[in-house]
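Copied from TrEMBL, the annotated features are:
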type     : residues  : note
TRANSMEM : A:6-23    : transmembrane segment
TRANSMEM : A:35-55   : transmembrane segment
TRANSMEM : A:61-81   : transmembrane segment
TRANSMEM : A:102-127 : transmembrane segment
TRANSMEM : A:170-189 : transmembrane segment
TRANSMEM : A:219-240 : transmembrane segment
TRANSMEM : A:252-282 : transmembrane segment
TRANSMEM : A:302-320 : transmembrane segment
Amino acid sequence: MRRGQIILFNCLAMIAAGLFLWLAKDTFDGYKIQILNLIAINIILALSLNLIYGFTGLFSLGHAGFMAIGAYVCSILIMTPDQKDMLFILEPAYDWVQNAQAPFLAAVIAGGLAAALAGIIVGYPLLRLGDDYLGIATLGFAEIVRVLANNFPRLTNGALGFKGIPDYANLWWNFGWCLVTLYVIVRLLQSNTGNVLKAIRDDEAAARAMGVNVFRYKLLSFTVGAFFAGVGGALLASLLTTIDPKMFLFTLTFNILMIVVAGGLGSLSGTVMAGIGITVLLEWLRVVENPVDLFGFELPGVPGMRMVVFSLALIIIILFRREGLMGMRELSWQSVARVFSRGKA
Amino acid sequence: MADDIILATDDVTMRFGGLAAVTDFSIAVKRGSIAGLIGPNGAGKTTCFNMITGFYKPTEGRILYEGREVTGLAPHKVCKAGIARTFQNIRLFGNETVLENVMIGRHLRQKTGWLQAVLFTPAYLREDKAMRSHCLELLDAVGLADLADDKANSLAYGAQRRLEIARALATDPGFLLLDEPAAGMNPHESQDLMGFVRTIRDDFNLTILLIEHDMKVVMGICEHIWVLDYGVTIAQGNPEAIRRDPKVILAYLGEEALDHA
């Protein structure tokens, strides 16, 4: 298939998605729109984790930490000084926190950059560690971020967190950023740099022998991933309008990890599909947390039950279909075309 | 150092704890030659390769490439300096295509980065195109151009060996280390290999040092041979001298063989 055709199809797909969002904006109720927004943010987060874990082979569990950094930075920048004056009741905010203000776009980028900076700082010592150790260390990093957020009331308002964050993150912002994330990561992975990242994942020693500065490329992947995790966190803060340290527990990372594993480590299209599927399921499965009436027996609702269901689902995926939905394959226009031409023949 | 020596090691020693894997390893490889490093299993041949390519830092001694000291440099820096290698047990990037494998080797000489790829800058597109065609030429040189879009781990064994060499060639080396290139090949295939090694030496202006157990191959293409036994260089010389050297026969076949010789 020619390049022109692929660009044409991509444009058509974007227009179709845009039309869908435009229709959805006016016809869907608030709850459904909220789910659409969460889909976009979850895709951003899962794509960034897949870049780090699926394509570069770095087992990182620090996503909640990067999200928290993005969320706090962005929130501080988009709330008005008056709002912050009212909000910081434990201790008054630092002057620079009090007075900092930026438009939403700049605030989201700042959130991403802050997370990327954190990525460089923690990546520098941690990326020299191998597989499991890296997982444990990044998990520790996320926890450190959370504890710091709890204990710096002049910066983060401590355990109370922020309320009334301006809700700028509508469908257009979220899906716009989702598109930017997808585009940047696709281009990165299609370039030779992407080949090098996959080489590191496949055989680190051979990559080094081929002249790859393995550490530098790991840091690059980790930092780009952290940037988009920060962006996702920033959007999430503005979407939910309220954040506090408890929101950024390990379960948040776990949700993202689940999307990545279900979609396929090393498949971007798998991540997008799983992002949609799992976000919808997470909402739909709230049913299992309600009290049920079973043949006259009243079973009480168990809060958190859907997470049990999801953990089971993850175990089943790992046992029976380890490569996830797509494995390392990608859904491309070529593969779609092949399916159609086979149908004709 | 003489100008016609491309790689020299100077009393290089590698100790792992109390074990001396290689002791006082000194070689001087002539520019443009094909040299061999042989010895029984466990003699320390691959350890020597790992020291030259920066995977191990020698305990003592110096390694000079083109008169420049490369001792203890990180592997990627050694590769950038112009020394490329293949592995005893083939180490390809199995999930990537044949072409991508070669391109990964080429990335070292690439000037534009991923940011330019994201921004679609003309310089990137130009270089990417040139790089692809260069890598396809390399694949053509090793006879794998038809398989460019196949996954590397789907290739037959011999093709994987040749792909590994193509990948090493993509880094623009001046010096190529081949670790048992004929391993697992039948006599006919190793015959082809000998011609192939000579061809790439001539076409790419290479100097080649190879480890090999197949004596037909070693004696057939090497101009100079070093023999290791228990980490000690027991002999060196041209193939004819090595074949007759009593110490080499002793190391390979044992004392009785020498008595009968």
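These residue numbers are counts, starting from 1, taken along the chain as shown.
Glycine residues also receive a Cβ, built from the backbone N, Cα and C atoms like all the rest.
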Candidates A:6-23, A:61-81, A:102-127, A:252-282; stretch with most C-beta pairs under 8 Å toward the transmembrane segment (A:219-240): A:102-127
Beyond the flanks of the transmembrane segment (A:6-23) by 6 or more, those residues with Cβ under 8 Å of it: 36, 171-172, 175, 179, 333
Touch test for the transmembrane segment (A:35-55) and the transmembrane segment (A:252-282), at least 3 Cβ pairs under 8 Å: yes
Outside the transmembrane segment (A:302-320), six or more residues from its ends: residues with CB under 8 Å to it: 251, 258, 261-262, 278, 281-282, 285-286, 288-289
Beyond the flanks of the transmembrane segment (A:61-81) by at least 6 residues, Cβ under 8 Å: 45, 48-49, 87, 97-104, 106-108, 110-112, 114-115, 118-119, 122, 135-136, 138-139, 141-146, 149, 155-156, 162, 164-166, 168, 225-226, 229-238, 243, 245, 247-250, 252-253, 256-257
